[in-house]
Amino acid sequence: MDFIRNFPFFSIILAMFCGILSSVLKGKQARNLCLFMVTTVMLLSGAVLWYTTKAGSFIYMMGHFPAPWGNEIRAGVLEALTAVFFAVILFLSLLGGMKHIFFDVEETKTNLFFILVDLLMSSLLALIYTNDLFTAYVFVEINTIAACGLIMIKQDGHGIVAAIRYMVMSLLGSGMFLISLSMLYDITGQLLMEPAGEAVASLVSSGQYRVPLLVVIALMSVGLAIKSGLYPFHSWIPETYGYATPAASAILSSLVSKGYIFLLIKIFYRVLGYQAMVQTGITNVLFGFGLIGMIMGSVKAIQETDTRKMIAYSSVAQIGYIYMGIGLGTRAGMVAAVFHIFTHAATKSLLFISAVGLYEVSGGKSDYLSLRGSGYRNRTAGLAFAVGSLSMVGFPMLAGFISKLLFATAAVQSPAKMFFTILGLALSTTLNAIYFLRLVISIYSPAEREYGEEVSFLASRKLKAASFLFIVVNLVLGLFSQPIVDAIGVGLNQFI
Amino acid sequence: MSRLKNNYENSRFHRFEAWMAGDTDILKGKLEIRRPEEPEEQEIELDETKINAAVYDMVHNRELRAFRILYRLASVILCLTLIAVLLWTVVYLPKFGEPDNPINNEVSARYIEKGVEETGATNFVTGMILDYRAFDTFGESCVLFIAATCVQVLLRLDDSGSREKQKKKRAEENDRIYEPKNDLILQKVSCVLVPLLFIFGIYIILNGHLSPGGGFSGGAVIGSGLILYLNAFGFKKTERFFTDRTFRRITLAALTFYCLAKSYSFFTGANHLESGIPLGTPGAILSSGLILPLNICVGLVVACTMYAFYTLFRKGGM
C-alpha cells in the first residue's frame, strides 16, 4: 500500500491531537500550533488530491477489521479537493481575523479558541472523509459544539443569545439526523456507507419498508438542511454570523454549514442512491425551498442596514442556490451545487474579513451609512470587498459568474424546472446587485465626516495579506474553473 | 475524617506561631483606622418587563400579538405532526426481537462469534466500542473534551484582566458563602460512601473488558464520588489534590495516550502490519490488548469532566 494513503487519517488525527495539546499551551503558542496544523493539513490533502487524480479513490481501514465490522474512511478526488479548499479558507480566515481574535477573546481564553478551531477542523475533515454513518454523527456533534463555542467566546450578550439560538436549532437538526440514522440501521442492519447503500438498493427494488425509508430520507435531508440553514430554518443565521468575532463568522458561514451539505451529498450518493432520491421527490422539495430561500434571503438582506447581518442574510440566499442545484436532480445540477459550495466559501469569508477592515477605519460602526468613504481609508479591504461583492453578483472573471453559468446550463438540461430556475437566478441576481452594489457605491462615496490620519495605521498587515490572497482564490476559481469542474465531475463519478 | 476548623486563626497555637514569626501587630486594636469611604457606584436598574412593554408595545401592537399567538400555535402543531409521523413510522419498522430482522446479519454475528478471539475481551460491547469501532469512541471522548472546553469558555473567571472583571469575579465568589458547610450527617455518610464509590468505579473500569461496564460508566461513578466528597468537605479540601491544573494534566495525558495508542493501532491495521500487542488469555484481568489502558483513559476523562462541570457551575473556577 502506498504511504500516501495514510494522509487523510494523518490529517484528521493531527487536527485532533493539536486540539488536545492546546489545552496546556498559552494563547500565542496555541495560535502557532493551529496555523501549523492547518498548513500541514493543506499540504497533506494536496498530496492526496494529486494521488487520487492518478490512482482513483481508495478506502482506508481504521483498525484491523475490514468493511462492515470496523470503521473506515474513504478518499476520492472530490473529498481531497474539498479538504484542500477548506484548509485554505480556514487559514486565510484565521489570518485575516487574527487581530480581532486576540481583541475579542479574553487573554487567558485564547488557547481555548484555538482548541475549538482545531477540533472544528478535525470534525470537518472527518465529515469529508468518512465512510461510516455513525462516525459522521459523532463528528457532527463535535462540529456543533465547537461552532457554539466559537459563537459565544466573545462573551457579550448578543453572542450568548446567538449561541443559544444556534444550539437549539442545530440540536434539533442533530436529533433528526440521529433518529433517521437509527431507523436506517433498524431496516438495513448496516452502518458503513457501502453495505448500507447496497441494503437500501435491495430494499428499494423489493419494495420492503417503503414508509420507514421515506421517513429516513425526509428526516436526514431536513435535519442537515436545518443545520446548514436552508430558508425556513434560517432564523439563527443573521445573529450568529453578525455578532461572532470576524474570524468565527467567516469560518461558520463558509465552512461549517458547507460541511453538512457535503455530508448530505455524500449520503445521497453513497447510501440512499441518487436516482432513488429523485424518484421519492425529496429533491423537488429541496428545490422549492432553495428557490424561495434565494429570493427571500436577498429581500431580507436589502432591508438590513447592518452590513454584517446583510452579508449573513446573503448567506441564506446562497445556501438556497446550493440546495436548488441539488434539487435539480441531475448530474449537472449537482456539479453546479458543489462548485457553488466552493464559490460561496471563498467569497463569503472574503466579505466577512474585508468588511472588518472597513469597520476598523469607520469608528467600529457597521451600518452602511457609517462606512461611507471607508474604501479610501483602507484601500486593500475596500478592493477586496468590491471584488467579493462583484463575485456574489456574478461579474465575469470571478467565481460567482462561473457558478451562475453552471446553474443556468444545468437548468436548461432539466426542462421541467428550467423556467423557475432561470427566473429565480435572474431575480436573485438583480436583488444581489441591489444590496451589494449599494454598499460598494457607499464605501466609495466621499465621507461626510472626517476621520483622522491615524486610523489608517489600524489596518493590519495580516488582514491585507489575507484579503489579497482571498482575491487570488476568487480569481483562480473564476478564471481556471474548467479543471476544478472536471475534478468535481470525476469525484462525483467515484462516489457511485 | 478531619473536620474543617473555622477558627484556626484564633487558636492558641496559631497566635504563638505568629508571635514567633514576628507577625503580631502591636498596634492592633489600639489605633482607630478609618477607611476613606468609597463612593458607591449607582447601578442602573433594568426592569425587563417594562423595557419589553415599551419596545414591543404589546397593548397596541396587534400585529405582533397575532404573530406571537400564531407562532406558538404553529410550533405546537409542528411538534405534534412530527410526533405523529414518527409514531406512525414505528408501526412499519421491523418487530423488536424477531430472529429474521435486518439487524441480525453478518455484522453482529461476527461480533458475537469471533469477538472474544479477535479482541480478547469477554464483554462484546467493550470489544466493539474500543476495538472494532474505536475511532468513533475516540470521537466521543473528544466530544466530552470539547464540551468541557466550552463550559470553561462560558463560566471560568480568570484572575487576569481588567478591574471590572476582578470585581465581577469577587461578586460571583460571594455566592459561595451561602454554600452549606460542615454538615455532620453528610460528612459521616460520605466517609463511608466515597471510598466505596471510588473502589467500585475503579472496579468497573478495570473489569470493563470482562463484565458489563467500562470507562464511561466507571468514570461516571468516580466522578460522582468526587462530587460527593466536595459537597461534604468543601473546596479547601478538594483543592489540595484537584485543581484546574490537575484537570488539564489528567485530560491531556489520557487523551494523548488514547490518541497515540489508537493511531498506532489504526496505522498498523490499515497497512496490514502486525501490531505486536498481545491479546492475552480471554477472561484474565491483563488481557485484550489495548482495551484495558484505553478504558482507564476514557474513565479518567469522564470522571474529570463530570467533576469539572460541577465545579465550574459553582461560578468561578475549579
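Backbone N, Cα and C define each Cβ position, glycine as well.
Feature annotations, reproduced from TrEMBL:
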DOMAIN    B:101-156  domain 'MrpA C-terminal/MbhE'
DOMAIN    B:185-307  domain 'Na+/H+ antiporter MnhB subunit-related protein'
TRANSMEM  B:69-93  transmembrane segment
TRANSMEM  B:138-157  transmembrane segment
TRANSMEM  B:185-206  transmembrane segment
TRANSMEM  B:212-230  transmembrane segment
TRANSMEM  B:250-270  transmembrane segment
TRANSMEM  B:290-313  transmembrane segment
Positions on the same chain near the transmembrane segment (B:212-230), where near means CB under 8 A and six or more residues out: 123, 125-126, 129-130, 190, 193-194, 197-198, 200-206, 237-238, 242, 294-307, 310-311
Candidate ranges B:69-93, B:185-206, B:290-313 - greatest C-beta contact count to the transmembrane segment (B:250-270) (under 8 angstroms): B:290-313
Surrounding residues of the transmembrane segment (B:185-206) on its own chain - C-beta under 8 Å, 6+ positions past either end: 1, 3, 213-215, 217-222, 224-225, 228-229, 231-233, 285, 292, 295-296, 299, 303
Residue numbers, six or more beyond the limits of the transmembrane segment (B:290-313), whose CB comes under 8 Å of its CB atoms: 119-121, 126-127, 130-131, 134, 137, 141, 144-145, 147-148, 151-152, 155-156, 201, 205-206, 208-209, 214-216, 218-220, 222-224, 226-227, 230, 235, 242, 247, 250-251, 253-255, 257-258, 261-262, 265, 277
Segment-level pLDDT (mean, integer) for the domain 'Na+/H+ antiporter MnhB subunit-related protein' (B:185-307): 89
